[in-house]
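According to TrEMBL, the features are:
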type	residues	note
DOMAIN	42-119	domain 'G-protein coupled receptors family 2 profile 1'
DOMAIN	130-381	domain 'G-protein coupled receptors family 2 profile 2'
TRANSMEM	132-155	transmembrane segment
TRANSMEM	167-185	transmembrane segment
TRANSMEM	205-230	transmembrane segment
TRANSMEM	242-262	transmembrane segment
TRANSMEM	282-308	transmembrane segment
TRANSMEM	328-345	transmembrane segment
TRANSMEM	357-380	transmembrane segment
Amino acid sequence: GILEMGLCVRVTRSFLASFLQALSSLHPECEFIFQLEEEERGCLQYVEEQGNRSTEGCRPFWDAVVCWPQAAVGESVQRACPAIFSLFKNKTGSVSRNCTSAGWSRPSPPYHIACSVDDDIPEQSYFTTVKLIYTVGYSVSLVVLTAAVFILLLFRRLRCARNFIHIQLFITFILKAMAVFIRDATLFSNDDTNHCTLSTFTCKASVVFCHYCVMANFFWLLVEALYLNSLLLSSFYHSRQCLWGFSLLGWGVPVLFIVLWIGSRLYFEDTECWDINEDSPYWWIIKGPIVVSITVNFMLFMNIIRILIQKLNPRLIQFNNSSQYRRLTKSTLLLIPLFGTHYMFFNFLPDYFNVNLRLFIELCMGSFQGLLVALLYCFLNQEVQKEVHMQWLRWQVRSYGVVSPAAKGSQMDTPF
């Protein structure tokens, strides 16, 4: 658990903290925490007002969950579960205490039973599993992407406009993975951190860096789509100025929107750690361009599929060759991770629509997107494989003075 809710019932406290923390990035419910704190202040004020009155019976007190009133000996008082528990169940139960000569009895039934908290423990396990999966996914992607960038920079023959754009996209995936790790380490590393009131320069900087890396990633996916469309529609030479334009779009445009968003948060909504964007109109300064880039990418994706169909079947007759189907299917599947087309699934849905499914698709599947892109456009690329193989043969010649028959055979068998 990460939220410190001040509940005296440890099981209830730990679960609520973990659940709210897991949802904090997509569906923050800090208003419930603030509501509980407001009820506590009201109860303590009531206790103070009752302090000078009769001391007979059981005195009012706040047990960190419910406010109990003044009661006479032998009286039984019943209280409904706090409104915060309605977040987890459609209906909540109630808890009662008896006023005895020795004071208040223990709550009956206990909070974790009366308020049905234990029934939701599997939800906590689910979010813990999601965090584990995306941590593994980003870690593996980070290693593979770093190796891919090194390979594309190492060999001179691989330095071209297409691979330049691939490298920039790989770097955005690397930065995105690093940003997620930095954000988790800053916001979620301490169990005693009150996520709803945390407001430091470090946590805000980590959130800003994470948002920038995500925006840059989407814009470089857009650059990939624009570049591929330009290759299919025309054969003009992509000059250095063209690459500078792509770089400005991929790296510069996100800076503009991030600066605007930072200014809006500083002057109009400087609350918490800037990671809570529920009902915030300023969030569209970041979300809007991302939604537009995803939409444009999807249209470019459909246009490329149309062009591929025409190129595979120029006479526009019905396919009668299964190899053409395989080529088109392969081309389509290769483009999906490159364009991030899977993001269209939730593009126009509310942020809090089916949180569990969104967490799985956007965090779990998204964490492996960099790995898939690096494999498809570097390690499984025939041009890259050929260059690496030729470099291996040159190294054998320099080391041993002659190429082994096995190496020659492997060169002939390689499907270039």
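Every residue gets a Cβ built from N, Cα and C, even glycine.
All TrEMBL annotations are machine predictions without curation.
It should be emphasised that the depicted structure is a prediction, and the values quoted were computed from it without experimental measurement.
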Six or more residues beyond either end and a Cβ under 8 Å away: which residues meet both conditions relative to the transmembrane segment (357-380)?
26, 127, 130, 133-138, 140-142, 144-145, 147-148, 151-152, 166, 169-170, 173-174, 176-177, 180, 334, 337-338, 340, 342-343, 345-346
Over the span of the domain 'G-protein coupled receptors family 2 profile 2' (130-381), how high is the average pLDDT in this prediction?
81
Paired segments the transmembrane segment (205-230) and the transmembrane segment (282-308) in contact, 3+ CB pairs under 8 A:
yes
